[in-house]
Ligand code: FCB
């Protein structure tokens, strides 16, 4: 007999949200004066995305945002995390803002507020204006200065009505997939450039946080979203433990070191000395990066399993977002990556909610007193409508139940987790995988752009409305 399931209740003010990003859903890439971002260029370069897919139309959220807000309201969601397309509000990444672009986001925010849905804005979810890449991109310091200017523009425009602000989404992906393995835009494969990019993204975060605070009401919160990896050693062998520490520095320490503690880990500087001399870290940068945070966003999908490289063992280069002969991990040829055992999602990512609990508890120790949000968590499955038109996705329901239970356990263990944003509201353009991978709680028919809430959306909506995880068969 299975154990009876106790309903899992969350604290009363817990925020139940969903997340998206601009390039993945908006479309309308040539409207309102928007100029191309690195993702427009990259996705239109043959061979870079599955099937040559691109975000020209995506799910046409730019024109259908009202329908999408009503969908969220109908489900009972309390919060929505979305990102701003930089080149829609400041074409080319320099100079004055374009009113049409800002007005689009103002209308979206007003619509959300009218439906009692709290907006959370991400300023940068990977879509750098192409002109800034042409001028050198994230490996160049000037890009961080441009970001601060852009942050101020958006803060001035929306700071009176948006309280939750996220400077950067997953700077690890921007730096190491964009400039290291090249599976993301702009597709460069230069390890030293990837570390320079990481530093300038950190600087952009610090300068951006300052710029936001200079123009926004003090009640607003500023943070960023990290895809902090849960890095586990394959065995307790000292060589495997050392490999795990190295990858932990390259995945996590490179960002939370300067952001939370005002310094890059010594072990990171030593491990990467064959690739870079870090001379682009100028006096005062670490102080700028180490701005006090109001919140920290954690994005979690799957843990990372590593060992010391062993020619006899079948290691693989894993980066989760696409295959490349170039490693995203600079100076880490002595490390092998392994598949964590267990059931996997359609991305090939192993399902392991214990990693989410571990991650939350780590940041609870790493940054005591800092309120945490899970700013992304979710799963891709090969969803298909039934003949009756409904989309049943029990695997996604089980995934969400497992991970939300892990969040609840972490709260019971003393962590201050304030909310959860399901990735993603809608099926959308999944970067190098194009439209092949469906992460949405809401199904999108790409021929008609019709939206159909999957059973996971209904399940999650009930959780949001009641503050309690509904029962799941077999959970
Ligand atoms: C995260 C990204 C998000 C989406 C999910 C699946 O790394 O932030 O845009 O691609 O993975």
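Including glycine, each Cβ sits where the backbone N, Cα and C put it.
All annotation found in TrEMBL is predicted automatically rather than curated by experts.
Remember, predicted model here, so these are calculated numbers, not experimental data.
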24, 125, 301, 423, 430, 431 bind substrate per TrEMBL; candidate in 169, 252, 290 listed for that same site: 169
Per TrEMBL, the range holding region 'Disordered', considering 310-348, 349-387: 310-348
Residues from the same chain, set at least six apart from the ends of the compositional bias 'Basic and acidic residues' (335-346), whose C-beta lies under 8 A from its own: 232, 234, 243, 246-247, 302-310, 313, 315-318, 329, 352, 379-382, 395, 399, 437-438
Annotated substrate contacts 24, 125, 169, 301, 423, 430, 431, maximal Cα-Cα distance (Å, integer): 18
Densest Cβ neighbourhood among 376, 430 (recorded positions), 10 Å radius: 376
Extra residues within 8 Å (Cβ to Cβ centroid of 24, 125, 169, 301, 423, 430, 431), substrate: 21, 126, 170, 376, 424, 428, 439
Secondary structure of residue 24 (substrate binding site) (DSSP, helix/strand/coil): helix
The compositional bias 'Basic and acidic residues' (335-346): DSSP-derived helix, strand, coil residue counts: 0 helix, 5 strand, 7 coil
